[in-house]
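Pulled from Swiss-Prot, these are the features on record:
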SIGNAL    1-22  signal peptide
DOMAIN    33-113  domain 'IGFBP N-terminal'
DISULFID  CYS37-CYS62  disulfide bond
DISULFID  CYS41-CYS64  disulfide bond
DISULFID  CYS46-CYS65  disulfide bond
DISULFID  CYS53-CYS68  disulfide bond
DISULFID  CYS76-CYS89  disulfide bond
DISULFID  CYS83-CYS110  disulfide bond
DOMAIN    98-157  domain 'Kazal-like'
DISULFID  CYS112-CYS130  disulfide bond
DISULFID  CYS119-CYS155  disulfide bond
Amino acid sequence: MQSLRTTLLSLLLLLLAAPSLALPSGTGRSAPAATVCPEHCDPTRCAPPPTDCEGGRVRDACGCCEVCGALEGAACGLQEGPCGEGLQCVVPFGVPASATVRRRAQAGLCVCASSEPVCGSDAKTYTNLCQLRAASRRSEKLRQPPVIVLQRGACGQGQEDPNSLRHKYNFIADVVEKIAPAVVHIELYRKLPFSKREVPVASGSGFIVSEDGLIVTNAHVVTNKNRVKVELKNGATYEAKIKDVDEKADIALIKIDHQGKLPVLLLGRSSELRPGEFVVAIGSPFSLQNTVTTGIVSTTQRGGKELGLRNSDMDYIQTDAIINYGNSGGPLVNLDGEVIGINTLKVTAGISFAIPSDKIKKFLTESHDRQAKGKAVTKKKYIGIRMMSLTSSKAKELKDRHRDFPDVLSGAYIIEVIPDTPAEAGGLKENDVIISINGQSVVTANDVSDVIKKENTLNMVVRRGNEDIVITVIPEEIDP
């Protein structure tokens, strides 16, 4: 009996001395040992991580040493190391792993923080960014180029996110997409002297106003040209015929013969336009088709008399949308995609003008009546310049912008000399100021227009820099 007591006491002491032997292995999960982090991180004491890390290199639980991260789908949250690059440890029901979760001995899985598909530079679509990164690491291991992200979403398709800022606020792009098919590029040709060969001499823009091919543009774009060619947005080209011209208003109507219906632009009410409204100008400056500029309406009623333009009785729309050579004749539209003007004139940076759409409506109505009655369009005299009256305030503004601007306060300021015209042949240049013709003083641009209609020879005195130069220009009679 005494021997049995001694044996039981020995076993009890053995169990107390080694509690880990009290339970057989596998009967339960022991709590994970707490990670003890050093008070200060010393990277020099860190063991170098393996070079082959499929999950990428990440910081350890203490945020000190670099270790190999676990792959997507690997276990995490207990004794396991941290998840790899771009992955997070998530326990059941999608809860991110935390210290509380770990104390409760719950295991999780490494899940990619990004769930949307991406397109790689290897032209493959990956389920998420983490899979692409893993593929890139495998590629580099094989001494191949790394795989980089080309776009969000699957390869070969755009990423449409209706909640993105660019989707909500790109109203200008919406307008351009709507109007661009009805905007045309116009190429102008003339025959060389003593030759039948034609050469391109100028270009401009226009927009379609009827499904059967009527196109509105500026008069100065198409006049004095032997041949007018129109190119649609799809690249198709057509010969165009000039149907009607209003030189004073600088509006022309041309037509192409096209099988089928063409896209058209509708005319808005320029009388309802407000200063500060957003506008879009589209055209073909420098033959660059469908070039878009945007701006606001500076004023809706800039008088022709104030500007010294050819139609002194008409108000113009002033805008800071850029209108360049070749943009002329293209539409100026509001955010509803309605034409509220024809791009016609750039004076200087930030100051451009458009012919109001209400004037276009009047021209189209009168043109219809003229063609219905069979009235012929009379010939006109033409020298090939675009000009504006020079006032003291405008002269001061131009002097501030251009130091070599002539020291003059009135006259007709030449904005543009059209190539291969009497003006160019006579020697006129841009920025010249016409101060007299045939001995008569020139105060406004209208003075020049009046003399051109009456005289067959123009002996001009122009101020160029600070010199007065005598130039002779012989107007040409042309079909408008």
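Positions of Cβ are set from backbone N, Cα and C atoms, glycine also.
Structural mapping of features recorded in Swiss-Prot.
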residue	record	Cβ within 10 Å
CYS37	disulfide bond	12
CYS41	disulfide bond	14
CYS53	disulfide bond	18
CYS62	disulfide bond	11
CYS65	disulfide bond	17
CYS68	disulfide bond	18
CYS76	disulfide bond	24
CYS83	disulfide bond	29
CYS130	disulfide bond	25
CYS155	disulfide bond	16
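The Cβ of CYS112 (disulfide bond) lies under 8 Å from the Cβ of GLU72, GLY86, LEU87, GLN88, ASN128, LEU129, CYS130, GLN131, each on the same chain and at least six residues away in sequence.
In three-state terms derived from DSSP, CYS46 (disulfide bond) belongs to neither a helical nor a strand segment and is classed as coil. Listed disulfide-bonded residues near CYS64 (disulfide bond): none (candidates CYS53, CYS83, CYS89, CYS110, CYS119; Cα-Cα distance within 10 Å). Here the disulfide-bonded residues are CYS110, CYS119, and the one with the most other Cβ atoms within 10 Å of its Cβ is CYS110. Here the domain 'IGFBP N-terminal' (33-113) has a mean pLDDT of 78 out of 100.
A 10 Å radius around the C-alpha of CYS83 (disulfide bond) takes in these disulfide-bonded residues out of CYS41, CYS46, CYS53, CYS68, CYS76, CYS119, in sequence order: CYS68, CYS76. In this structure, of the disulfide-bonded residues CYS46, CYS64, CYS89, the smallest number of CB atoms within 10 A of the CB marks CYS46. DSSP labels the residues of the domain 'Kazal-like' (98-157) in these numbers: 18 helix, 14 strand, 28 coil. A gap of 12 Å separates the Cα atoms of CYS46 (disulfide bond) and CYS62 (disulfide bond). Here the Cα atom of CYS89 (disulfide bond) is found 20 Å from that of CYS37 (disulfide bond).
Cα-Cα distances to CYS110 (disulfide bond) place none of the disulfide-bonded residues CYS37, CYS62, CYS65, CYS68, CYS119, CYS155 within 10 Å. Of all the disulfide-bonded residues given, namely CYS53, CYS62, CYS65, CYS76, CYS119, CYS155, those whose Cα is no farther than the 10 Å limit from the Cα of CYS41 (disulfide bond) are CYS62, CYS65.
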